Amino acid sequence: MQNLTHDHINALLPPRPDNSHKMTFGHVLNIAGSIHYRGAAYLSSISALRVGAGYVTLASSPSVCDSVSALTPNVVTLPLLTQMTAKYDNNAPNTDLLATQIQTARWQTIDLQAIDKMAVLQLDDKLNQASVISIGSGLSIGQSTDQLSVNFSRSRNYLDNSSLGNKKHHNSDSDDLSVPNGNSEFFYALLTQLQANPNPVIFDADALNFISRLLHPGNIATTSITLPKHSIITPHPKELSRLLNLDVSEIQAKRVHYTNMAAKQLNAVVVLKGKHTVISDGEQVFINPTGNSALAKAGTGDVLTGMIAGFCAQGVSPIDAACLGVYLHGLAGDIAAEDLSQYGMLASDLLNYIPRAILQVLSV
Ligand SMILES: NC(=O)C1=CN([C@@H]2O[C@H](COP(=O)(O)OP(=O)(O)OC[C@H]3O[C@@H](n4cnc5c(N)ncnc54)[C@H](OP(=O)(O)O)[C@@H]3O)[C@@H](O)[C@H]2O)[C@@H](O)CC1
Ligand SMILES: Nc1ncnc2c1ncn2[C@@H]1O[C@H](COP(=O)(O)OP(=O)(O)O)[C@@H](O)[C@H]1O
């Protein structure tokens, strides 16, 4: 077990070669945000750029993409299935009915067919192109009203039934996994799609809650799931308690033990958030000394997810990216609190202090 230090973090910072271009520093695909959590999509996207990623694409519902674009010119957006949303969203909330309508429509309407294909291929291309994928910040666990989830689910149905590729069809009925609604189906489809992805994948917030539901349908642990090879998960204590099916008090009493255990069980880097955040890959364990109560404010976890993704995009290993992200996130909070107080700092303020934290680490 090791405490993170300035020197350690300084040594982990990725190089910035002079002879470089934006793709030298990697591409983050951030699947985030939903109708009530637009801020999370913004915070997790900008923070990836703030730590040096060259390019961030936000994949979300059209309305979230619009909101984020209105706030910042720095994020590229991928509105999922825009045309289908416009055509169908208000008319037919039933996913199966929609899938049928789409199947019918694509033979009747040449434009719609082209648009559908383009939209689905766009997302598939981005999954393959991205150097790192982050998923979950503000991705609502709500029921069928969640626009993004329903859209993605539709896109998978469409993709599976179309001639776009030889995608394996996910038949939820024949699966051990519980797939209780469209959102889980959406996440399961994404998880399946990501199995073969060789690049890091970061799961946060509601993505973790989906994983918990797959692990413990009806609170009975009946199955195991496999995360992509280079996964990082960033639970707060309640989220880890859901993942491990334990009480929060039990997790908090043995933070190092359970972080390590989860890392081994899920074969992932685990970041257990809170004061003295614990980071483990199942072998090494790091404890973070930075941060203060200014960070106990809505949205700071979304900033952390983006920071870790931004370092992964630059080719840093998952465990090192987690250490860099956590330490600099806390340090940015410490510097911000000197200016703004622990009372007054906002998650959006934290974004502006990330460069100062990096400068401080570079100065050792
Ligand atoms: N601007 C935006 O768009 C924002 C969007 N956001 C997005 O919203 C989504 C849902 O986020 P959320 O905050 O509603 O749910 P979540 O964090 O699971 O809390 C639920 C309950 O869990 C508990 N609990 C929480 N932390 C704990 C801890 N450290 N230790 C122990 N327990 C803890 C606590 O329950 P209690 O203990 O009070 O019973 C709490 O009431 C998510 O996708 C996120 O990305 C947010 O980031 C905010 C800004
Ligand atoms: N008292 C504290 N001291 C240090 N860090 C904290 C403190 N409270 C919260 N944090 C940090 O702030 C972030 C909060 O993340 P999270 O709980 O996911 O919030 P949200 O979902 O609102 O973004 C985590 O990185 C956590 O470690």
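Every residue gets a Cβ built from N, Cα and C, even glycine.
Per TrEMBL, the feature domain 'YjeF C-terminal' maps to 5-361. The feature (6S)-NADPHX binding site is assigned by TrEMBL to Ala40, Gly138, His236, Asp302. For Lys273, Gly274, Lys275, His276, Thr277, Gly301, the entry in TrEMBL reads AMP binding site.
Distribution of TrEMBL features across the structure.
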residue : record                   : Cβ within 10 Å
Ala40   : (6S)-NADPHX binding site : 31
Gly138  : (6S)-NADPHX binding site : 26
His236  : (6S)-NADPHX binding site : 18
Lys273  : AMP binding site         : 23
Gly274  : AMP binding site         : 17
Lys275  : AMP binding site         : 13
His276  : AMP binding site         : 15
Thr277  : AMP binding site         : 28
Gly301  : AMP binding site         : 23
Asp302  : (6S)-NADPHX binding site : 31
Practice problem: Averaged across the domain 'YjeF C-terminal' (5-361), what pLDDT does the model get? Just tell me the whole number, please. | Solution: 80
Quiz item: Can you list the residues of the same chain, besides Ala40, Gly138, His236, Asp302, whose Cβ falls within 8 Å of the (6S)-NADPHX site's Cβ centroid?
Solution: Ala32, Tyr37, Leu43, Ser44, Gly136, Ser137, Asp204, Ala205, Gly299, Gly301, Thr305
Quiz item: What does DSSP say about Gly138 ((6S)-NADPHX binding site): helix, strand or coil?
Solution: coil
Practice problem: Just the binding-site residues from Ala40, His236, Lys273, Gly274, Gly301 whose C-beta lies under 6 Å from any atom of ligand 2, please, or none if there are none. | Solution: His236, Lys273, Gly274, Gly301
Quiz item: Can you name the binding-site residues among Lys273, Gly274, His276, Gly301 whose CA is within 10 A of the CA of His236 ((6S)-NADPHX binding site)?
Solution: Lys273, Gly274, Gly301
Quiz item: Could you state the CA-to-CA distance between His276 (AMP binding site) and Gly138 ((6S)-NADPHX binding site) to the nearest Å?
Solution: 24
Quiz prompt | Assigned conformation of Asp302 ((6S)-NADPHX binding site) - DSSP reduced to three states | solution = helix
Quiz item: Which binding-site residues among Gly138, Lys275, His276, Thr277 have CB under 6 Å of ligand 1?
Solution: Gly138
Quiz item: Using Cα coordinates, what distance in whole Å links Gly274 (AMP binding site) and Ala40 ((6S)-NADPHX binding site)?
Solution: 18
Practice problem: Could you check which of the binding-site residues (Lys273, Lys275, Thr277) sits closest to Asp302 ((6S)-NADPHX binding site), going Cα to Cα? | Solution: Lys273
Exercise. For Thr277 (AMP binding site) and Gly138 ((6S)-NADPHX binding site), determine the Cα separation and express it in whole Å.
Key: 21
Exercise. Give me the Cα-Cα distance between Ala40 ((6S)-NADPHX binding site) and Lys275 (AMP binding site), rounded to a whole Å.
Key: 21
Quiz item: To test your reading of the AMP site: which residues beyond Lys273, Gly274, Lys275, His276, Thr277, Gly301, same chain only, put their Cβ within 8 Å of the Cβ centroid of those residues?
Solution: His236, Leu272, Val278, Asn288, Gly291, Leu295
